[in-house]
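Encoded as structure tokens, the structure appears first; notes follow it.
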Amino acid sequence: MSLANKLAEERRGRLAAERLLELKEAELSAANRKLGKHAAALQGEIVETRAEVATVKTENERVKTELGQANQKVQIAERRLWHSVQTITDGFAFFNSDNQMIAANESYLAIFDRIDAIRPGVNYMTILQVLTDEGIVDTEGMPDTEWRQMMLDRWMQPQPDPVTVRLWNDQYVKLVDRRSPAGDIVSLGLNITESVRYQQELKAARTEAEAASRAKSAFLANMSHEIRTPMNGVVGMAELLGDTGLSEEQQLYVDTIKNSGEALLVIINDVLDYSKIEAQKLQLHLEPFDLERSIHEIIMLLQPSARDKGLTLLLDYDLFLPTTYVGDPGRIRQVLTNLMGNAVKFTSEGHVLVRVTGVPDLDAGHAEVTIVIEDTGIGIPEDKIDHIFGEFNQVENERNRQFDGTGLGLAISARLVSLMEGEVWVSSEEGIGSVFGFRIPLKLSEAKLPEHPPVPDGLRRVMVVDDIEANRTILQRQLEQLGLGVVSCASGAEALEQLRDIDLILTDHNMPDMDGLELAETIRTRGVETPILLLSSNPSFATNDPGAKYLHAIMQKPVPRADLFARLESVGPVIGANGAPPPAPEKRRMVVLAAEDNKTNQLVFGKMVKSADIDLHFANNGIEAVDLFQQVSPDLIFMDISMPKMDGKEATQRIRALEEDTGGHVPIVALTAHAMDGDDKGILEAGLDHYLTKPLRKPEIHGMLHDMCPDGVKHPFEDAVPNEGAA
Ligand code: ADP
């Protein structure tokens, strides 16, 4: 090879080597760069890790200090807690679920007088053993084993009830134990000696106070009784003095003495009753009585004042409830009189309804009788209603102030009812009315249900006409219970529209638009001869009305059931007569008017003529006497001579003057205290026919009734035993 070639070849080789070198260098620097990058990344990571390690380290430090602090706190808290537990004067201990003591405070241990055995680890049973063996606890007569058993039984309960134990030194400890869900028990021993003593003192004081109160009531009862005796003397003598021919002024003084005395007697009677009950001296006197009749009698007593106010008195006595019971009729009447009297007193319009219901238990021979008295009166404010059964409590407000009373009536009634083992209640709405009720258990007087007379044949549909819905409802129910169909009408007009297919008509007397008598007349003018019964709260008015001749009978409202049923029976023959005109109404009673201003004398007079079957009206003075004369057309008048407002002589003159227009001459008997010579002349001159001197005597009064009874009128003593009449 030529040199040139060799040189060329060498140059080529060098060039190739140089290129290779360049290549390698490039690769190397690339690798270097990569390495550099990697190193940088590693470096970063190292820095990061280092930072992390540093944080963990500080965190660790913090946790460590916090843990230390917490530990310290726990120790402080525990120390404090234990310190507190130690300082409380009540005993405190923990037990584990195996009933072993874990810890107890000083007070707990002190009870055991630091007996060695009582320390942490001791079992509860050992504690009980020590308590009895060492005489620490006073088991109050219970044998030790029994006491321990009782305490252990209690301890084993899931949640033991607190128990009070008495210690040897007359201290009382109340044990309160609480079991945790894990079974541990926290036991507290509270020293309640103070409050036990206090309670004992209170109890003693209470017993003492009760005894004192009973003594006070007994004293009051005695006093009231003692006051009553001379008061009766005062009232009685004032009454006699009133009849000794006094001047008008003197008469007024005497009447005032008497009326005040009587008012005082009422109050004293209330106080006497109340104190007797309080002193537990009131005894019930049980005897058979007729409850329905008692209520009717009270209604009759209240009827005049109810009528004066235009109030309707209603009685709804459960048809299937017996009426005769064994109880204390006097006391039951007292409660009824009080509740019904209040209802009338506090009601100015509307009605007073007495409802008697009950479920008799014939086998057991008794019944729970519920009597409810409902009125439409002033009602009782809500905030007062809880107090009215208390003593001397009256609702104090404008509307109530007009009524008098002692405020003892309800208190006495409530106590009487509870003495009879019953209960009493009230609900009321101001301005709407009140409902007073009581329930008493009563022994049945006869172990059978009331029997009702059979309904006469042909009596199927009865019409009831009354503007007062309650009245209609009561009658309707009673009649329906007898199996009769009832057509109920609220007015005469309504009745006239429904006259078809009616066997008997029961109509109210007083109704707006058309009254019962007008209705009867209208029915007859239409040629309908259905028998008509008139129910009237003032039968004597009705009797004297020309419309009375259309009536089958007149009955006093509210009608006792027995009377109503008896009437239904009497209707039988009329219906049986099939359209024949009804017989004339039965003879009416003799209407007697007594003018007498003195309530006691009215009472005496009423008592004297009690056995006479008459329709008696009282006038309180001459003016009333003249008014009543026009209203009731009496068959006989007893006229007191000295009366306030208008005396008996003047009243008689006016009556005689009225008779000049109307005709007729009613016999008038003067009642006079002026039994002096010549007096009779003035009396007879005034138009009086006869005179009787006071004090009145029964035979003289009866003699007058007997002699003066006009023909065609039922004789006052027709049903009476002979000899009782005109004596
Ligand atoms: P008194 O009637 O002698 O005041 P009571 O003890 O009988 O005493 O009644 C207490 C009070 O209860 C009455 O004064 C009256 O305020 C209220 N009260 C009782 N009954 C009724 C009633 N039917 N309607 C409204 N208030 C009544």
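Backbone N, Cα and C atoms are what each Cβ position is placed from, and that goes for glycine too.
Noted in TrEMBL for the protein shown:
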COILED    14-80  coiled coil
DOMAIN    222-444  domain 'Histidine kinase'
DOMAIN    461-572  domain 'Response regulatory'
DOMAIN    591-709  domain 'Response regulatory'
MOD_RES   ASP508  4-aspartylphosphate
MOD_RES   ASP640  4-aspartylphosphate
Rounded Cα-Cα span from ASP508 (4-aspartylphosphate) to ASP640 (4-aspartylphosphate), Å: 35
Spatial neighbours of ASP508 (4-aspartylphosphate) that are distant in sequence (at least 6 apart) but have CB under 8 A: VAL465, ASP466, ASP467, ILE468, ASN471, GLY516, LEU534, LEU535, SER536, LYS557
Coarse DSSP state, helix versus strand versus coil, of ASP640 (4-aspartylphosphate): strand
For ASP640 (4-aspartylphosphate), the number of other Cβ atoms found within 10 Å of its own Cβ: 26
DSSP residue counts for the domain 'Response regulatory' (591-709), split into helix, strand and coil: 54 helix, 25 strand, 40 coil
Segment-level pLDDT (mean, integer) for the coiled coil (14-80): 91
ASP508 (4-aspartylphosphate) in three-state DSSP notation: strand
DSSP-assigned states of the domain 'Response regulatory' (461-572) in counts, ordered helix, strand, coil: 51 helix, 24 strand, 37 coil
